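First up is the structure itself, then whatever we jot down about it.
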Amino acid sequence: MKAIRPENPADPVISLRGVTAELGSRPVLRGIDLTVHRGEVVALLGANGSGKSTAVRTVIGQVPVSGGEIEIFGTPRRRFRDWARVGYVPQRTTAAGGVPATVTEVVSSGRLSRARFGVLRKADREAVHRALAHVGMTDRAKDSVNALSGGQHQRVLIARALASEPELLIMDEPMAGVDLASQEVLAATLREQVAAGASVLLVLHELGPLEPLIDRAVVLRDGCVVHDGPPPAAVGQHALPGHDHVHPHTADAEPVRTGLLS
Amino acid sequence: MEILNYAFMQRALLAAVLVGITAPAVGIYLVQRRQALMGDGIGHVAMTGVGLGFLLSTSPVWMATAVAVVGSVLMELIRWYGRTRGDIALAMLFYGGMAGGVMLINLAPGGSNANLSSYLFGSLSTVSQGDVLAICVLAALVVLVTLGLRRQLFAVSQDEEFARVTGLPVRALNLLTAITAAVTVTVAMRVVGLLLVSALMVVPVAAAQQLSRSFAATFAIAVTIGVGVTLGGTVTSYYQDVPPGATIVLLTIAVFIALTALATPLARRRARAVAAATGGEAGATDCVLPEAAAGAGTAPQPAPEKVPDSRTPAPR
């Protein structure tokens with residue numbers, strides 16, 4: 001499946017060097033270095049406001065950087081065009097928009113990076129079916145996303161990222177607000193992807209059920225890297241099995257969008 | 001059908017059908033982006049174009065199209081760059097557009113606000129041959145964009161951030177949506193009027209949502225409702241001698257209310273069917289954590305129970 005390209009396989013799939021970024025006038029990243037090598041699973045950890053989501057969003061170009069260099073598959077981000085190789089799961093509590101849409105419709109939009117002019121051929125529809133099967137949502141394919149639970153929304157968002165059959169997965173808090181059953185499905189999905197050779201950059205609030213998969217953890221604090229190495233051992237309450245972490249910031253994370261003003 | 005014997009009614013009915021198709025076709029993307037009122041803003045800005053058309057003695061339809069397109073592009077730019085006080089900038093654009101229209105039309109030779117009224121609320125008898133030609137060309141453009149690029153527009157309107165990572169030209173598509181909405185406003189201007197255009201973009205979509213589960217079905221039902229109410233409203237307007245714009249909008253709202261009343265029991269039945277098919281899974285998701293906790297607890301539980309068992313013989 002993976003295209004052969006004249007790029008050095010030793011190149012990291014993601015490389016940030018001295019990246020700085022501001023939101024408004026507030027510095028959020030103060031020069032971070034972050035590398036994800038081929039086949040590696042890297043977790044980006046840190047407290048709320050430490051800049052972990054911003055770091056990921058600079059990689060996909062959603063947040064402009066004010067300094068430093070970003071490379072994806074060895075290509076400077078500005079010149080990178082091969083987005084079909086990247087699967088992105090944004091931080092969301094819902095996959096729904098303002099109009100009803102079926103699970104298949106939402107997941108199909110993830111295939112647009114491979115479908116020329118937006119025409120979905122047989123191979124594209126099969127890829128969408130495979131992506132739905134990966135997250136165990138085949139039986140809900142024709143249902144409206146509005147009818148899904150929080151964990152199922154997250155499964156749909158991940159299937160959408162998998163629809164382009166990416167080599168690199170970037171996920172922003174994929175476990176936020178997800179029930180245990182869905183967490184296990186998501187961990188299994190990720191395990192399959194890693195076994196198939198995918199590289200993964202994950203933003204996580206805590207390691208949770210994904211811990212055995214993670215090769216390396218990068219911890220941010222106040223926009224600086226304070227740890228880059230093996231995942232830190234869970235301590236205190238976080239170490240307890242079945243520890244139920246509530247994410248108060250994700251419950252209503254969707255900004256209130258009213259009419260024109262959004 | 002004596003109604004079809006009049007050339008002005010033939011033109012009005014043709015314009016009505018085109019409005020019924022285009023307004024919901026664009027509106028669905030605006031509703032999906034939760035920018036339902038954008039059409040209303042564009043309508044306000046287009047008034048300056050109508051005024052300019054009168055002042056320069058050119059076609060108000062083409063002038064309104066040009067000004068509405070400039071206004072919608074400005075709104076999109078404000079959305080990108082002016083995140084902090086974007087609402088204030090938009091308010092100034094809307095009311096500046098409306099005030100500009102009123103002022104320009106008063107400056108036009110022989111112009112008065114009476115001329116403006118047919119543009120604000122729609123009028124059947126004033127749809128001219130030239131208007132119909134303009135409406136046909138613009139409507140064809142709108143249909144081409146909203147159907148031809150439906151997958152791309154769906155992706156961008158559903159999740160802009162994700163669409164960027166699929167490599168779609170998000171900014172270009174956003175601008176295209178804004179321009180298409182502006183063009184639709186001027187297509188609909190002669191029939192429903194600038195102040196009521198937005199209703200026809202939003203209400204058929206809202207009504208269609210009551211029945212549908214998919215985007216494709218919502219699109220088809222919304223356009224069907226749109227054509228139905230514009231035709232019905234135009235004919236009613238002719239026979240009852242009532243303003244067409246108001247008739248069409250009230251009819252659309254009536255359809256919305258009727259479908260909502262119909263759909264509520266339907267949705268309840270559907271939810272019950274889903275719950276039955278998945279073995280009550282819809283409720284199970286809430287119970288996963290307690291269940292897992294109970295599952296973890298079952299393992300140690302037998303042990304304490306055995307302790308009393310082993311002890312019971314002792315007192316005997």
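Heads up, the Cβ atoms here are built off N, Cα and C, so glycines get one too.
Residues or ranges marked as region 'Disordered' by TrEMBL: B:294-316.
Look at TrEMBL and you will find B:12-30 (among others) tagged as transmembrane segment.
Residues annotated as transmembrane segment in TrEMBL: B:62-81 (among others).
The feature transmembrane segment is assigned by TrEMBL to B:88-112 (among others).
Under the heading transmembrane segment, TrEMBL lists B:132-150 (among others). Listed as Cβ neighbours of the transmembrane segment (B:132-150) (distance under 8 Å, sequence separation of 6 or more from its ends, same chain) are residues 11, 14-15, 18-19, 21-22, 25-26, 28-29, 59, 61-62, 65, 173, 176, 180, 183-184, 186-187, 190, 219.
Residues or ranges marked as transmembrane segment in TrEMBL: B:162-181 (among others).
Annotation comment: TrEMBL describes B:187-208 (among others) as transmembrane segment.
If one looks beyond the transmembrane segment (B:215-239) by at least 6 residues along the same chain, the residues whose Cβ comes under 8 Å of a Cβ in the stretch are 3, 9, 12-13, 16-17, 19-21, 23-25, 27-28, 32, 124, 150, 154, 191-192, 200, 204-205, 207-209, 247-249, 251-252, 255. Annotated transmembrane segment per TrEMBL: B:215-239 (among others), in sequence order.
Cβ atoms under 8 Å from those of the transmembrane segment (B:245-263) belong to residues 16, 121-122, 191-193, 195-196, 199-200, 203-204, 206-208, 210-211, 225, 228-230, 232-234, 236-237 of the same chain, restricted to positions at least 6 beyond its ends. Here TrEMBL flags B:245-263 (among others) as transmembrane segment.
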Original post:
By Cβ distance under 8 Å, which residues at least 6 away from the ends of the transmembrane segment (B:62-81) in the same chain are close to it?
Top reply: 38, 41-42, 45-50, 52-53, 56, 89-90, 93, 97, 119, 134, 138, 171, 174-175, 178-179, 181-183, 185-186, 189, 194
**OP:** Grab the same-chain neighbours of the transmembrane segment (B:187-208) for me: Cβ-Cβ under 8 Å, and only residues 6 or more beyond its ends, written as numbers and ranges.
**Re:** 12, 15-16, 18-20, 22-24, 26-28, 30-31, 36-40, 42-44, 46-47, 50, 61, 64, 118-124, 126-127, 131, 135, 138-139, 142, 181, 217-219, 221-223, 225-226, 229-230, 234, 244-246, 248-249, 252-253, 255-256, 259-260
